[in-house]
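Report on one structure; see the data block that follows.
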Amino acid sequence: MAQQLSARQPRYKRILLKLSGEALMGSEEFGIDPKVLDRMALEIGQLVGIGVQVGLVIGGGNLFRGAALSAAGMDRVTGDHMGMLATVMNGLAMRDALERSNIPALVMSAISMVGVTDHYDRRKAMRHLGGGEVVIFSAGTGNPFFTTDSAACLRAIEIDADVVLKATKVDGVYTADPFKDPNAEKFERLTYDEVLDRKLGVMDLTAICLCRDQNMPLRVFNMNKPGALLNIVVGGAEGTLIEEG
């Protein structure tokens, strides 16, 4: 297996992988499914094994949804801060899964949590990535009103990643929700402006504009498809690629 992996040369040297918090739920209705964590750790480990540097951002929707409580009257800033804490919890769980698979990992938080995580520091993050560690960026940007998608794009730009890989439940971007519309058609490739003009809802406006302004390629793919992540990194055409026209 190791020989097979080493024979496949990576197309990307450094990636930023964005996972939704919901992805960690698996078949559960809430929280974290350990089986999903272990499978994701294994797939990330395959990338590390062929020399790819992996930055990781995980959402917090499996543990906390601020939007619902905001609609019920909770202060938006308070809700966003609670959501940031949920991403830290997911980051700690993922670090544990990676380390149990003998993959070195570091959790960095945009909010200072002495004794729990390292505080986010770009130069330190890049040193650890260069040393073969998976770096998990948690607590979003550290500011309310910014999504974890925006945080993922921001961190990717800061650490000079080659691509943002957004893991979803479907194998790319479609003209409509393929779960609701059987006639929905998949896009193989899009430009940032097409995503914005068609209002495709791939990521929020801030995230897409960040990628467009800094020319950061973005690929949307299905993390539930075994081997999809590795296939992308060695040059396969999984999902939908979003880049400059």
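For all residues, glycine too, the Cβ spot is worked out from N, Cα and C.
Swiss-Prot names Gly60, Thr141, Gly142, Asn143, Pro144, Phe145, Phe146, Thr147, Thr148 as UMP ligands; from the candidate set Asp38, Asp80, Asp118, Asp121, the record adds Asp80 to that same site. With the fewest other Cβ atoms inside 10 Å of its Cβ, the least crowded of the binding-site residues Ser20, Asn143, Thr168 in this structure is Asn143. Of the binding-site residues Gly60, Asp177, Gly60 has the largest number of other Cβ atoms within 10 Å of its own Cβ.
Distances between the Cα of Gly61 (ATP binding site) and those of the binding-site residues Thr141, Asn143, Phe145, Thr147 are shortest for Thr147.
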